[in-house]
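The block underneath contains the structure these notes are about, expressed in structure tokens.
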Amino acid sequence: MGCNRNCGLITGAVIGAVVALFGGILMPVGDMLIEKTVKKESVLEEGTIAFKNWVKAGANVYRQFWIFDVQNPEEVAVNSSKIKVKQRGPYTYRVRYLAKDIITQDSKTHTISFLRPKGAIFEPSLSVGTENDTFTVLNLAVAATPHLYPSTFVQIILNVFIKNSNSFMFQKRTVKELLWGYKDPFLSSVPYSIPTTVGVFYPYNNTSDGVYKVFSGKDDISKVARIDTYKGKKHLSYWPSYCGMINGTDGASFPPFIEKNRVLQFFSSDICRSFYAVFGAEINLKGIPVYRFVLPSRVFASPLQNPDNHCFCTEKIISKDCTLYGVLDISKCKEGKPVYISRPHFLHASPEIAEPIEGLSPNEEEHSTYLDVEPITGFTLQFAQRLQINILVKPAKNIVALKGLKHNYLVPILWLNETATIGDEKAEKFRNQVTGKINLLGLVEMILMSAGAVMFIAFTISYCACRLKNAK
């Protein structure tokens, strides 16, 4: 009887040890299976989950625009007063709804070439008004004239056409005109063959931003979706290679198994440069744990603080020997037009830049850029890219419309929030197919290890107690 009891206790302890050991073994084996599956599905090739989501955005991508409506145009033009602006918006458009086009794969180099068509559809239900709402904004053509034509003789001639067309420093334009283009009366009156359509994002609809070539990740998953060349080059021709390198992906996805100390790099053709983001926080997005990566202030720092921005400072006077921070000059990639980018409302910019502007209210929560990335797959499940478009306006004694200015202005035109969030249906599918299975496997591992350990300890203690009792 004692032997049967002791044998049973020993058997129970052995079974518990085996169950715990199996749970322990299942952890590396399970991790290996997960890693193998994720790597397989992350490759950009026909049939994978990554390829399907890569060809066309898996969530609606919107661009919200807030326009800076100038309240005192005459005071500014005549007396060089502070510019009083009032933010109006959002005016929302659905973008990136078109699938990637002309996709060709190269099995030798493990790369994919494609075009990314551009399109924008106005969304009235997500906007405060219509595309025909009118604003008082800077006259883009007049403001750019001194920069594009520095010759005194040419400016005197162009001044005649500016006056004859009744063009001034400021003008009234609709949302649609300002964003997507309008026939400028001043440019249309010039008797030479020059472009006459002006717009902040003109041309946009029915265009593409050039041929991309990215790595498929077939031979090296750490390179998946990373841009190899853009328009046939590894760096932007506007700047030297050290300043215009095309780094990272397009931001829609990154290589899998992301760690918190990783720096995520992504390229934007709209603003002609690559950005990088660093880990900010862990958050829960619709039941999915994600890492939030944010743009650090160093991205918009002065060249003295961040040498990578050296090429975005093209002159010494306005930038105060390149010591000002918070704005980047991208005129070289905008055909010489004096375009500067910043965070909305000049967030984290030098105080001198915003000093001539009244009506700005920078806010970290509303005006910062971030990406919420699921760390196992590397998929971006939510993002918000927030940027402001500004135009540099300088006094020009040969142009009547700008003659009254006594100092330079960085005039804010608009700021945008390009954003997307995984939908509820796709989030549920993601939970079921990815995070749910991984969590279930982890739960099974913990149950096996815990139950096995409890069985082993309980039966071992019982066996020892029984032996001690028999010995007495």
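Note that Cβ sites are derived from N, Cα and C of the backbone, with glycine treated the same way.
Automated prediction, rather than curation, is the source of TrEMBL annotations.
Taken verbatim from TrEMBL:
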TRANSMEM  7-29  transmembrane segment
DISULFID  C243-C311  disulfide bond
DISULFID  C272-C333  disulfide bond
DISULFID  C313-C322  disulfide bond
TRANSMEM  440-466  transmembrane segment
SITE      Y463  site 'Critical for TLR4-TLR6 dimerization and signaling'
CROSSLNK  K469  ubiquitin cross-link
CROSSLNK  K472  ubiquitin cross-link
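Here the CA atom of C243 (disulfide bond) lies 11 Å from the CA atom of C272 (disulfide bond). The Cβ of C333 (disulfide bond) has 19 neighbouring Cβ atoms from other residues within 10 Å, across all protein chains displayed.
Long-range C-beta contacts of C243 (disulfide bond), restricted to its own chain and to partners at least six residues apart, with a cutoff below 8 Å, comprise D308, H310, C311, F312. Separation of the C-alpha atoms of C333 (disulfide bond) and C313 (disulfide bond): 13 Å, rounded to the nearest whole number. Around the Cβ of C272 (disulfide bond), the number of neighbouring Cβ atoms within 10 Å comes to 21. Cβ neighbour count for C313 (disulfide bond): 21 (other Cβ atoms within 10 Å of its Cβ, all protein chains included).
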